[in-house]
Each structure stands twice: as structure tokens, then as C-alpha cells.
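*Asks:* Please see the structure below; I have some questions.
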Amino acid sequence: MHVFFHFGNLSLPGYSLMIIIGLAAGNVLVWLLGKRHHLIYDDFLLLEAYTFLGAMIGAKGLYLFVARNEIQWSRLAQADYLKDLMVGGFVFYGGLIGGFLFFLLAGKIHKVDIASYMRRFMFVIPFIHGFGRLGCLMAGCCYGRPYNGPGAVVFPDGSFAPAGIPLFPVQLAEAVCLFVLAGFLFGVSGRIKSAYQTAALYFGIYGVIRFVLEYFRYDDAERGGFAWFSTSQWISIGIVIFLIITGFIRMRKRHGISQLRK
């Protein structure tokens with residue numbers, strides 16, 4: 001679709017604008033809530049910078065992996081082709097995993113108590129991600145399957161999505177799910193005392209959402225896959241299994257400690 005917003009002589013793609021709005025709104029929320037909970041905003045900015053770097057590396061790295069058969073590797077020496085390859089094409093799950101690892105790394109390096117930030121601000125991730133999915137709708141990427149029901153979207157010529165065909169609005173559906181998830185995480189953030197539980201709720205619920213919505217997507221070549229599932233579905237399965245195993249281990253440890261206290 002390639003929606004552009006014009007501000008004087010400046011033309012900004014709709015996708016970029018949605019990301020900017022999401023980041024700005026997310027940071028304002030963190031600043032306001034951080035003051036209430038006596039958390040240092042400068043520490044959050046430090047964690048955010050590391051997270052953003054890790055997210056960019058992870059998102060681009062996973063994209064290069066899933067799109068490896070579509071990439072013209074012999075053209076990497078061509079500056080224009082390399083520029084287009086680096087600027088376009090990112091996979092959210094790669095960014096999520098890379099960003100989370102760099103977030104943990106930042107806490108270790110700079111001795112920041114990341115647990116408090118995780119408990120209070122985990123909701124910001126799906127909040128910003130929701131704006132990103134609205135940007136996907138404007139750009140015409142991450143599009144849905146052919147669909148003639150209510151809410152179907154038709155993209156014009158020049159879009160990433162097939163033009164002139166009614167498609168399921170999977171980008172909008174995911175955005176709605178993400179905003180609901182953000183609201184839920186914000187609602188329980190004051191009642192959950194463990195950073196692990198907050199992270200497990202986010203990763204687990206999003207894993208299920210993403211697994212289901214992958215069936216409604218139609219950009220198979222860009223997503224990649226193996227056997228029965230897409231790359232993102234396999235990652236979702238892996239995350240949920242990991243959470244089940246770690247949750248069971250933590251439960252056994254708590255049970256063992258309670259038995260010792262008796």
C-alpha cells in the first residue's frame with residue numbers, strides 16, 4: 001500500500017510513522033509510571049538502547065536466515081543491492097529474542113536491577129509492537145490470506161501484498177491482540193512480584209497468539225518454514241515448551257524449599 005504522510009517537504013512512510021508514535025508513546029508511559037514507582041528513567045534509556053541494538057541485530061539476522069533462498073548472494077558486492085537488503089526485511093521474533101538477550105546483558109554490564117523494569121514495563125513491548133503491526137498494514141507487508149468476509153482489505157498495485165485481491169486483515173487482528181495483551185500486562189503488573197512471571201505471561205500469551213495468526217498469513221516466501229509450521233510457529237512452540245519446563249523446575253524448587261522449612 002505504501003502509505004506516506006507529508007509534513008511540509010518531508011514525506012514519512014506510514015510504517016515508520018507508526019513505529020515512531022509507538023516508541024514515543026511507550027517512552028512517555030515509562031517516564032510517567034517510572035516516577036510513580038521511583039524507577040530511574042536514565043537506567044531505562046540505557047536498557048532500551050541495548051535492547052534496540054539487540055533487536056535490530058536479531059531481527060535482521062533471522063530475516064537473512066529465513067529468506068536465504070531468495071537472497072541473490074552473488075550481488076552482495078553491489079552497493080545498491082546490499083543497501084536495500086540491509087534496510088528492508090526484519091523478523092519480529094528475531095528482534096524479540098535478540099533484544100531480550102541484550103537487555104539482560106545491559107543489566108549485567110551496568111549493574112541495573114532489571115527485574116523491577118521487567119515487572120512494571122513489560123507491557124510496553126506489545127504496546128509498541130501493536131503500532132508496528134498497524135504500520136505493516138499501511139506498508140502492505142505481513143499480509144493475510146485471500147478472504148471475502150467482513151473487514152477484508154484490498155491492496156493497490158505496487159504493494160508488497162497481492163494487488164486487487166480481498167485479504168484477511170491479519171495485521172489489524174494482531175495489532176488488536178497486542179493492545180489487549182499490553183492492557184492485560186499493565187493491569188497485572190502491580191500484583192505480580194516476579195519478573196519471571198511477567199516475562200512468562202508475555203512470551204507465553206504472545207507465542208499462542210502468533211502461532212494461531214500465522215495460519216492466516218499468506219507471505220509464505222518471506223516467513224520461511226519447515227515441515228508443518230512456519231519459522232515463527234516453530235519459535236512459538238519452542239518458547240512455550242521452554243516456559244513449561246522452566247515453570248515446572250521453579251515449582252519443584254519452591255516445593256522443595258517449603259518442605260525443608262517444615
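Each Cβ is built from the backbone N, Cα and C atoms, and glycine gets one as well.
Automatic, uncurated: that is what TrEMBL annotation is.
Okay, so TrEMBL annotates it like this:
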type	residues	note
TRANSMEM	12-33	transmembrane segment
TRANSMEM	45-66	transmembrane segment
TRANSMEM	86-109	transmembrane segment
TRANSMEM	121-146	transmembrane segment
TRANSMEM	166-188	transmembrane segment
TRANSMEM	195-213	transmembrane segment
TRANSMEM	233-251	transmembrane segment
*Asks:* Top stretch among 45-66, 121-146, 166-188, 195-213, 233-251 for CB pairs under 8 A with the transmembrane segment (86-109)?
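*Replies:* Comparing 45-66, 121-146, 166-188, 195-213, 233-251: 45-66 has the most Cβ pairs near the transmembrane segment (86-109).
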*Asks:* Near the transmembrane segment (233-251), which residues from the same chain, at least 6 beyond its ends, have a CB less than 8 A from one of its CBs?
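*Replies:* Those are 93, 97, 196, 200, 203-204, 207-208, 210-211, 214, 225-226, in sequence order.
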*Asks:* Apart from its near flanks, which chain residues at least 6 from the ends of the transmembrane segment (195-213) lie with a Cβ under 8 angstroms of it?
*Replies:* 93, 114-116, 118-119, 122-123, 125-126, 170, 173-174, 177-178, 181, 184-185, 188-189, 232-233, 235-237, 239-240, 243, 246-247, 250
